[in-house]
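Colleague: I'd like to ask some things about the structure below.
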Amino acid sequence: MNTSRLFSLLFQGSLVKRIAAGLVLGIVVALISAPLQETIGFNLAEKVGVLGTIFVKALRAVAPILIFFLVMAALANRKIGTKSNMKEIIVLYLLGTFLAAFVAVIAGFVFPTEVVLAAKEDSSSAPQAVGQVLLTLILNVVDNPLNAIFKANFIGVLAWSIGLGLALRHASDATKNVLSDFAEGVSKIVHVIISFAPFGVFGLVAETLSDKGLVALGGYVQLLAVLIGTMLFTAFVVNPILVYWKIRRNPYPLVWTCVRESGVTAFFTRSSAANIPVNIELAKRLNLDEETYSVSIPLGANINMAGAAITITILTLAAVHTLGLEVSFVSALLLSIVAALCACGASGVAGGSLLLIPLACSLFGISDDVAAQMIGVGFIIGILQDSTETALNSSTDVLFTAAVCMEEERKNAA
């Protein structure tokens, strides 16, 4: 493929092809920026990295407003007595997280990994106990709605949008139409932002690879292999089984669509919250029920944490093996599940699951000092770990939503 053809893909053709072109160009720029720096006097990758910063900033800026109006409009316009699929979707979210943790525990014991602990990282913002995490979650729910939108507190935004949406179900049709128009207007803005995804990916890839490179990951190859291998197993074995249970047909076309169109973008933005607009656009193209996906996808970004369950479990067990501690399989599973479920308090933040490592480690009696160093390990491998984790988390949001919607269609057609 010549250069002109590669550049043309950034401006026309399918979004997936354009993102792929941006990925290739980003890698090329990252590789040539260092040799060119002496000649041109600046690091080219750092300069184009601003494109990625702008793209992620735009997604994060629009996401709270999109959630607020979309969820509120969907609930306000829902007819009283209408059947909801949310219970089935939430069950899938929780079951998927549980099975991800289960697979991670198995992988952690089958492939025991020891690491050379890095220098201390600041973990002062990490929760110290389950009670503290739950308290933070409750405080986020009752946050001021304007403050929640300004600070992108997605738990608070979701709580207020659900509350107002339910309260406005008895409002006049004119009021409901205004809410729908606002939701549609924000959705159009989202569509414009997503069309710039290839440029965002180009900037993100160029800057990230130029800054850290793949050499930094060399000392943690086994840990990365276990982490990413477990996530891939969950994405392409565990999740398809759950989807088949719902739709009763070959799940892989749907799985691949969600991974390709949601997971790829989430891999580079490294934020489930920033990927919410992408998932909503995909749900529209899949012709899913808007009243369902407008609520389930933002909710999934906060509670569907399969990738976080894997990260917390694998890294905690790595600390256990490094220290030579003896922990029973059942204890490891139960304690890791508790930590993974509490991870919803750190959702929507790139690398947020790493802050839950001290919580999981404390359940095994591991000191805060060691736990803080494990956070440092997480940051070192974060270039791949956090990206893969977010891709799994976010693509699963739309995957499970689609599975439940398709199950409903199958039952109605029967």
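Just so you know, glycine gets a Cβ as well, placed from its N, Cα and C.
Pasting the feature list from Swiss-Prot:
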- 22-42: transmembrane segment (TRANSMEM)
- 54-74: transmembrane segment (TRANSMEM)
- 89-109: transmembrane segment (TRANSMEM)
- 148-168: transmembrane segment (TRANSMEM)
- 189-209: transmembrane segment (TRANSMEM)
- 223-243: transmembrane segment (TRANSMEM)
- 305-325: transmembrane segment (TRANSMEM)
- 337-357: transmembrane segment (TRANSMEM)
Colleague: Report, as numbers and ranges, every residue of the chain located at least six residues beyond the transmembrane segment (189-209) whose Cβ falls under 8 Å of a Cβ in that stretch; write 'none' if there are none.
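Modeller: Distal contacts: 9-10, 15, 18-19, 21-23, 25-27, 29-31, 33, 44-46, 48-56, 58-59, 62, 66, 265, 268-269, 277-278, 280-281, 383.
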Colleague: In terms of Cβ proximity under 8 Å, which residues at least six beyond the ends of the transmembrane segment (148-168) contact it?
Modeller: 60, 63-65, 67-76, 78, 137, 140-142, 175-176, 179, 273, 295, 298-299, 301-302, 344-345, 347-348
Colleague: Could you name the stretch, out of 54-74, 89-109, 305-325, with the greatest number of CB pairs under 8 A to the transmembrane segment (223-243)?
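Modeller: Result: 89-109.
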